[in-house]
Amino acid sequence: MKCLLVLLCGAIAVSAVQLPPTVPVDFNLEDKVLSDIADDVANRLEQEYYTFLKTGVETPAFKQLTTQLANAHTKKDIFTKDLTELETRDSFVVCTLCRSIMRVFMRTIRDEDGELHGENSGAIMKKIAMDVCRRLNLQTEEVCEGLIDAELPTVDYIMRNSEMDSQSFCSLFLTFNFCNTGSNPDYNWSLKIDDKVEAPTSSKGDTPRQSESDIKICQFSDIHHDPLYEPGSLATCDEPMCCQRQKSSTEGTPNAAGYWGDYRDCDLPWHTLESALNHAVKTEKCTYIYQTGDVVDHMVWATSIEKNTGVLSKVSGQIDKVFNVPVYPCIGNHEPHPLNLFSPEGVPNEVSTKWLYEHLYEDWSKWLPKETKETILKGGYYTVSPQKGFRIIAINGNDCYTDNFWLYHSGTDKIPQLEWFHDTLLAAEKNGEHVHVLNHIPSGHGTCWAVWAREYNRCITRFHKTISGIFNGHSHKDELKVHYSNEGHAISVAWNGGAVTPASYKNPNYKVYDVNSETFDVTNHRTYIFHLNEANNKPTEEPNWFLEYEFTKEFTEDLSPAGIDKLLDKFAENPDLMRKYWRFKVTTAEPQITAGCDRFCLADTLCVAAIAVNNQRERCEELMERLYTSLDNEEDDDGSAAALSILSLTSLLAVVFTMRIGF
């Protein structure tokens, strides 16, 4: 082994090494190595930075550490991708910086002689944060300053009013990679679940087939309207979001933003949202509308209460204007200012999210009864019964979001909403109601806290006979997710609405579900899209919206949890069927199709469908192993898969030891 490491280190000197496309999730040997090295570098950086704060002296070691970290990461991905989607080098840098900078902050805040111990230390904290941003070339000055100004008061309050240590903080923030080494008893609790009903002994398979009496529910998710979108402006900027500036020097070039939107880190123009809504109302007779969060754009460094509330009201007003039917929204992580931050009750007004809940109730009250006001103002969640025998529960899934810094204030203040969720389901069961659950962030998403997801899934399992459907957003992907009981029985299916915004290289889409009028089970669904490049070539014409696919015609007529679980088996056995699912998942967007989906991409796509709690991966591992076998057995397999596996391992180790030698 030692000789292998020496050879790998020597190879670095003569050749550039490509990083693997995904980050390992399981805490295996390679993760342990990465974590130990990140901790070693973080300790050194903490000491060097603390010395710099005390003396103003930049030692050679300090300069070397910060320069090498600055050169080790990509500039945009840290801000535009979910943490679970980062390349290994970016994850390494984020983990290292998280551990070191949080130690510096906590040390200087909590030590009596610390520079940040006293009140009114915000200016010093901002100076430190901006210095780190510049030294490590994290983003542009504008982006760093905007984010720091917005989030610093909340971060300062949380660090002064919690006992969270840096290791626990970073383990929770980066839960699903090598950075997770901590455990905190306050962040591992269990709900009291009603046990008067026998646990499921088999997968749920009683969903009726599609019929003419089905009602239709239209879902619009992740609209991300950008009020500053400018066709012809620069679509390839350095900031996390583009298509707003430099039109005079960019228009007519390949870097110019398209009229109807742009695949490249850009959000949705108003006229494209109008086009989507108008097409839906002309094409489908929706009984209800589900709007599953993220109305506000990705210009995360320049949010404000005024801007966010303006966008929220404008979009909800347009939906109400176009559709003369009830609309049921839930809250996304982009709605608040600052981004992602959803405070608990009882915190000072200057760091509270109360203003958002008040505004949302005012916006939503045109669709919702007065009885929803109490819980919306409490935490952005509600329940309503649109008709006899049918109930909708819209929850604020941002309680599980690891980018929500209030999660680090307390692990237990996330319990009350789940208790309300459980009790609402229990009442629905007693009343013989069928329930749809709306939740922006899928519980199995890589940024959903596993303890919250576990307890949420326990509720789904207990009330699997009552819950007829779960509807999510956030991922921008047209995908599904099977919920399993602890015994491995498929007990529910969560359907994701994709995204109206083209950000993250997708075609704009919306979805329509056929729903049984008595049980309210989903019996079919279809997705409408238009090809963005084609539309942008004809800016004066309306986009050519069309039916991309119908689920029952392409995959299966059995949309029960048991039926979808069997479909996952077919995906594992038939790579071509798996590839078809992936193409629809990314809305057949030209950049995605051109890049393709290799064996690791296909395995990840399959695993996402089989994971509803991130650290419960048994079904995923089983399916992934079978898929790899099927791929290996394909007639056109020329051995490249095995070579790629070796390359990925070699690349990972090479990066690790490059960093080790450098520091």
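Please read every residue number as a count from 1 along the shown chain.
Cβ atoms here come from the backbone N, Cα and C positions, even for glycine.
Here TrEMBL flags ASP222, HIS224, ASP294, HIS476 as Zn(2+) 1 binding site. In sequence order, ASP222, GLY498, ALA499, THR501, ALA503, SER504, LYS506 are the residues of the chain that are 6 or more apart from HIS476 (Zn(2+) 1 binding site) and have a CB within less than 8 Å of its CB.
Within 10 Å of the C-beta atom of ASN333 (Zn(2+) 2 binding site) sit 23 other C-beta atoms, taking all shown protein chains into account. According to TrEMBL, the Zn(2+) 2 binding site annotation covers ASP294, ASN333, HIS440, HIS474.
Here TrEMBL flags CYS95-CYS179 (among others) as disulfide bond. The number of other Cβ atoms within 10 Å of the Cβ belonging to CYS179 (disulfide bond), over all protein chains shown, comes to 27.
Residues annotated as disulfide bond in TrEMBL: CYS98-CYS170 (among others).
Summarising the annotation, TrEMBL assigns disulfide bond to CYS133-CYS144 (among others).
Annotated disulfide bond per TrEMBL: CYS237-CYS242 (among others), in sequence order. There are 27 other Cβ atoms within 10 Å of the Cβ belonging to CYS242 (disulfide bond).
Around the Cβ of CYS266 (disulfide bond), a 10 Å sphere holds 28 further Cβ atoms from the protein chains shown. The disulfide bond annotation in TrEMBL covers CYS243-CYS266 (among others).
For CYS400 (disulfide bond), the count of additional Cβ atoms within 10 Å of its Cβ stands at 26 [all protein chains shown]. According to TrEMBL, the feature disulfide bond maps to CYS400-CYS448 (among others).
According to TrEMBL, the disulfide bond annotation covers CYS597-CYS601 (among others).
The domain 'Saposin B-type' annotation in TrEMBL covers 91-183.
Per TrEMBL, signal peptide is recorded for 1-16.
Considering only the disulfide-bonded residues CYS98, CYS266, CYS601, HIS474 (Zn(2+) 2 binding site) has CYS266 as its nearest partner by CA-CA distance. Taken through DSSP, the domain 'Saposin B-type' (91-183) splits into 62 helix, 0 strand, 31 coil. Within 8 Å of the centroid of the Cβ atoms of ASP222, HIS224, ASP294, HIS476, where the record puts Zn(2+) 1, the same chain has further Cβ atoms from SER221, ILE223, GLY293, GLY332, HIS334, GLY473, HIS474, ALA499, VAL500, THR501, ALA503. On the 0 to 100 pLDDT scale, the model's mean across the domain 'Saposin B-type' (91-183) is 84. Here CYS133 (disulfide bond) is positioned 27 angstrom away from CYS400 (disulfide bond), judged by their C-alpha atoms. CYS133 (disulfide bond) is surrounded by 18 other CB atoms, counting those within 10 A of its CB over all protein chains shown.
A Cα-Cα distance of 28 Å separates CYS98 (disulfide bond) from CYS266 (disulfide bond). Considering only the recorded positions HIS224, CYS266, ASP294, HIS440, CYS448, CYS242 (disulfide bond) has CYS266 as its nearest partner by CA-CA distance.
Within 8 A of the CB centroid of the Zn(2+) 2 site residues ASP294, ASN333, HIS440, HIS474, the other residues of that chain are ASP222, THR292, GLY293, ILE331, GLY332, HIS334, GLY397, ASN398, ILE441, GLY473.
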